[in-house]
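Trainee: These came from TrEMBL, pasted as-is:
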COMPBIAS  1-14  compositional bias 'Polar residues'
DOMAIN    62-174  domain 'Serine aminopeptidase S33'
REGION    1-21  region 'Disordered'
REGION    328-347  region 'Disordered'
Amino acid sequence: MTISNEGSEKTQGTRAADALPPEPVTLRAADGYALRGHVWRHRGGSVVRPVTVINCATSVRCDYYFRFAAWLFAQGRDVLVYDYRGIGGSRPARLAKLRANWLDWGRLDCEAALRYARDAFPGQPIDVVAHSIGGFALGLAASNVHVRHAVTVGAQYAYWRDYRPAERRRMWWKWHVAMPVLAAVFGYVPAKRLGWMEDTPRGVALSWVRSQARFEEGYTSGPLAEPAASRAALPARFAGLSAPMLAIGLDDDGFGTVAAIERLVGYYTGSDVTHLRIAPADIGVDAIGHFAFFHSRFTETLWPLALYWLQYGALPADAPGNVHAIHPASRGRGPGSGVPGVAANGR
C-alpha cells in the first residue's frame, strides 16, 4: 500500500527534531472527572496535519496502543490516547465506589477526548481508531460530528448471541455468569488478578452482562436504568457521525463476528460503512484474534490498511481480506438491525 503523507507538511515521516516526545495530558469530562492520556505532538501547528484519537477496548489500558500510536506519529500524525474512567491512569483510589458504565465511557469520556482534540489541535482534521467497545463509545459522543474518518477493529457491544458459536458457551459463563458474581462480591471486577484484563468498574460489567440485541434495551431498569426520553435518544447520537467508517472484523475473533459487527454498524446510519473481513491466512499468519491487530508484528500488513483509510476514507486496491458489506449512509436504516447492505466480493 502506497500512502502519501499529504497531511504532514510535505514530509515523509517525522524527523526527531520536528517533534515533541509523548506527553501526559489530563482531559476533563463534562461531569468534572479527570481522565489521563498521552499525546504525540509535532512541533508547530498545522491545519493540514491530522490528529488521530484512539479509543481503547473494554478495560484495556491506553498504553497497550502506544506502539501503534508512535507508528502513526512517525507517519506524520498527531495522536491522542486516553484511559476511560476507572481504567489505568484514570482509575480512582477506590474503584468499588466508582459509578461508571459503557454509556459514560461514550457520552462523557470519548466526548472529552474529541473536545480535547479540537481544542489542542485547532483546525486540524480529526480521525478516530476505535477498538472493540471503543467503536460503540464513538457513537455516543456528541462531538463525533467533527470526525473526518473512522476505523474500528472488532467493534461491537457484546451481545452474547453474537459470540462465535464455537466459543459462545465458554464466553457466556466467563463474562455473563462469573463476571457479574465477582462484581457483586467485590463492588468491581478484580479482573487483573485473574489475568483477564484491567480491574473493571461494576457498572461497566453490568453494561456488558445486560447487553441486548438493541443496546438501549439494556438500560430500561435496574442500576443502569436511563430515563425513557434519554434512552430513546441514544440511537440518534450514532447517526451524528458522518465520517466514512471502515469496520474491520477478524475471522478468528470470538467477539467481532459478522453478526456482532453488523449489529453495531446498523446504528451508524449517517456514515458510509465498509465492513471488511480479514482471516489470518489473508496476511500469512496463524492467528490475529481480538487484540493482536495492534501488535507491532503487523506494522507491514494491517497497520498500513488502517492508515490508508484514515488518510483517504477508502480501501487501497491491495487491501487484504474481503468486503462483507457496504452500508451507504441512510437515515432510513434501522439501528441495530444488522442490515446486510450491499454484499460484495472484492472491492
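Keep in mind that glycine also has a Cβ here, set from the backbone N, Cα and C atoms.
Caution: TrEMBL annotation is automatic and unverified by curators.
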Trainee: Mind checking how the domain 'Serine aminopeptidase S33' (62-174) divides into helix, strand and coil residues in DSSP?
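Mentor: So the counts come to 63 helix, 18 strand, 32 coil.
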Trainee: So what pLDDT does the domain 'Serine aminopeptidase S33' (62-174) average out to?
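Mentor: Taking every residue of the domain 'Serine aminopeptidase S33' (62-174) together, the mean pLDDT is 98.
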